[in-house]
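As recorded in Swiss-Prot, the features of this protein are as follows:
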BINDING   Lys25, Arg69, Glu111, Tyr124, Gln192, Pro193, Trp194, Pro195, Phe196, Pro197, His198, Ser199, Ala241  substrate binding site
BINDING   Cys98, Cys101, Cys116, Cys119  Zn(2+) binding site
DOMAIN    125-248  domain 'Nudix hydrolase'
BINDING   Ala158, Glu178, Glu219  divalent metal cation 1 binding site
MOTIF     159-180  motif 'Nudix box'
BINDING   Glu174, Glu178, Glu219  divalent metal cation 3 binding site
BINDING   Glu174  divalent metal cation 2 binding site
Amino acid sequence: MELQLTGKESGWWIVSHENKLWLPKGELPQGNAANWSLQGATARQIGEWQGQPVWLIRQMMPSGMGSVRQLLDVDRGLFQLAGRGVQLAEFYRSHRFCGYCGHEMHASRTEWASLCNHCRERYYPQIAPCVIVAIRRGDEILLAQHVRHRGGINTVLAGFVEVGETLEQAVSREVLEESNIHIKNLRYVTSQPWPFPHSLMMAFMADYDSGELCHDPKELLNAGWYRYDQLPLLPPPGTVARRLIEDTVVLCREHSDLSQ
């Protein structure tokens with residue numbers, strides 16, 4: 001339920017608008033609402049962190065608006081709550097009016113949803129399922145530089161799940177489309193909410209099966225097999241891609257030791 005802040009409320013403050021997050025001094029604000037001049041704003045609790053409520057305020061601040069990416073190296077739980085806040089703020093901003101009848105909607109009090117009192121339609125936040133996979137060949141791992149990535153970072157392959165497709169089918173299809181290779185021994189590892197803008201990353205590991213590596217230039221700048229001790233620039237810690245790479249490097253090292 002939303003409430004108007006009196007200034008006495010305390011907790012973590014997620015102030016978001018248009019996929020941006022208020023990060024005064026580069027950090028997520030914490031403490032009394034009055035200390036951050038938030039009295040009078042409309043807020044809604046979206047979770048708890050370290051025993052304190054986490055509040056969402058949907059508004060633009062005059063300065064200090066940044067990206068939730070700046071919180072990647074903080075605790076994973078707090079990063080996920082910040083991502084939830086940014087996604088919810090954008091969801092409510094983009095669902096002010098019903099797509100069926102055009103009437104104004106309001107936020108549900110019991111769940112993350114927008115409701116239309118006119119036609120009774122109910123809308124939920126969009127979540128885009130994505131697969132991401134680390135592929136091993138002996139003591140090597142397949143890494144690629146994506147066209148949308150900056151700074152020369154090399155990472156594992158990933159892509160969106162298509163309609164009517166299983167996760168396993170999506171992994172095999174994405175790998176074949178982007179690298180021209182076939183995989184085997186596919187196994188699920190973990191998942192990570194990824195608020196850029198509203199993805200859910202489902203992570204896998206796999207082994208190389210067959211095919212000659214040939215990258216898709218529309219998706220990748222380059223791709224190659226890298227020995228575990230000769231890796232290029234990698235994604236930052238805290239990302240599911242980095243975890244997949246580190247887990248695969250362990251397997252590559254074990255394979256190398258057994259081969260000696």
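Every residue number used here counts from 1 along the chain in the order it is shown.
Using the three backbone atoms N, Cα and C, a Cβ is placed for every residue, glycine included.
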If one takes Cβ-Cβ under 8 Å and requires six or more residues beyond its ends, the residues near the motif 'Nudix box' (159-180) are 128-131, 133, 135, 142, 144, 186, 188, 199, 202, 204, 206, 211-216, 219-220, 223
For Gln192 (substrate binding site), the closest of the binding-site residues by C-alpha position, picking from Cys98, Cys101, Ala158, Glu178, Glu219, is Ala158
Rounded Cα distance in angstrom between Cys119 (Zn(2+) binding site) and Phe196 (substrate binding site) is 31
Looking only at the binding-site residues Ala158, Glu178, Phe196, Cys101 (Zn(2+) binding site) has its closest CA neighbour at Phe196
Closest by Cα to His198 (substrate binding site), out of the binding-site residues Cys98, Ala158, Glu219, is Ala158
Argmin Cα dist to Cys116 (Zn(2+) binding site) over the binding-site residues Ala158, Glu174, Phe196 returns Phe196
